[in-house]
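Pulled from TrEMBL, these are the features on record:
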- 105, 106, 107, 108, 109, 110, 111, 112: ATP binding site (BINDING)
Ligand SMILES: Nc1ncnc2c1ncn2[C@@H]1O[C@H](COP(=O)(O)OP(=O)(O)OP(=O)(O)O)[C@@H](O)[C@H]1O
């Protein structure tokens, strides 16, 4: 129906079994399988193996070896996948497809660390990514990206050039205002500075812009989230009761301003014992899962309390971009899931529904 016959380079390839196998693949990011419209072409190689060229509409490249293994098993034939990503939806702001807010009800839960590593993971999944540090109380993105001491440069009279950190474009509110001044800020000032940074940075084309919001759910955070044309928000929490109570306030706030809550990330979820390898639930267990269930949102990831997460951060490096580090997979899983939800929440898809309830 999509003129797929044109995509087959060899008449000897049986297309239907390939389409059936792809449609039957299941994972968190591909909850409804792999649609035939993601297929660019199918090649039959001389050695009888199959090469699939896919164009994915969201960032999920690292899952392709798993997909290839699944299809190979279904067909009983060697299959490899060559994939790229191309988001099909219209830009939400300038040449930016999606703006995703990373928020927390409470300070110090690891929101900024999670924001930069999600950006790194999305980049590793094949996307064009930017990070905007909007945390007026403690802008830490420059430090987390190894940009400390850098000063912004202007492209022309009206535009600032974003920084480049490992191919991620970055800008920080900290370059505009000293953080000491932020304590006396009110909502309109903060949202004004955020809008100015969004507008006046030469972001170029981005698939995802990750915005590190100030912690809390007060007037400032409310006004800021109203000003940004966000596709969704991710709320970071730790498993402690206090953090969860504040995360709940965050869900209510975003509900009020109609920004979809894509899900919760439970950071410092558990500590893996270096001797026995077992998870130790230092701050409590399953609190985020229960909160998420009450509000009909998913838990996108449970990130461990890990010494190397802190160490990489202190060195201005992104652990999510180091595939030798075990925890990078946790960030990758969350990044693919977020990217998938943003795709499937578009009006023309109704297979994944985001439900936000009052509590
Ligand atoms: N999963 C983790 N494992 C170990 N250390 C972590 C983890 N997440 C964050 N940290 C550490 O916790 C500290 C606070 O993290 P971060 O600055 O990201 O928190 P935040 O919520 O953004 O804080 P703020 O509210 O001040 O903006 C940092 O030292 C960071 O390296």
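Each Cβ is built from the backbone N, Cα and C atoms, and glycine gets one as well.
Of the binding-site residues 105, 107, 108, 110, 105 has the largest number of other Cβ atoms within 10 Å of its own Cβ.
Residues near residue 109 (ATP binding site) in space but far in sequence (CB under 8 A, at least 6 apart, same chain), listed by position: 215, 236, 237, 238, 243, 267, 268. Between the binding-site residues 106, 111, 111 has the most other Cβ atoms inside 10 Å of its own Cβ, all protein chains included. Within the same chain, residues at least 6 positions away in sequence whose Cβ sits under 8 Å from that of residue 112 (ATP binding site) are 102, 133, 135, 140, 141, 144, 212.
Summary of the ATP site environment: with the site residues 105, 106, 107, 108, 109, 110, 111, 112 set aside, the chain residues having Cβ atoms within 8 Å of the Cβ mean position are 104, 215, 236, 237, 238, 243, 267.
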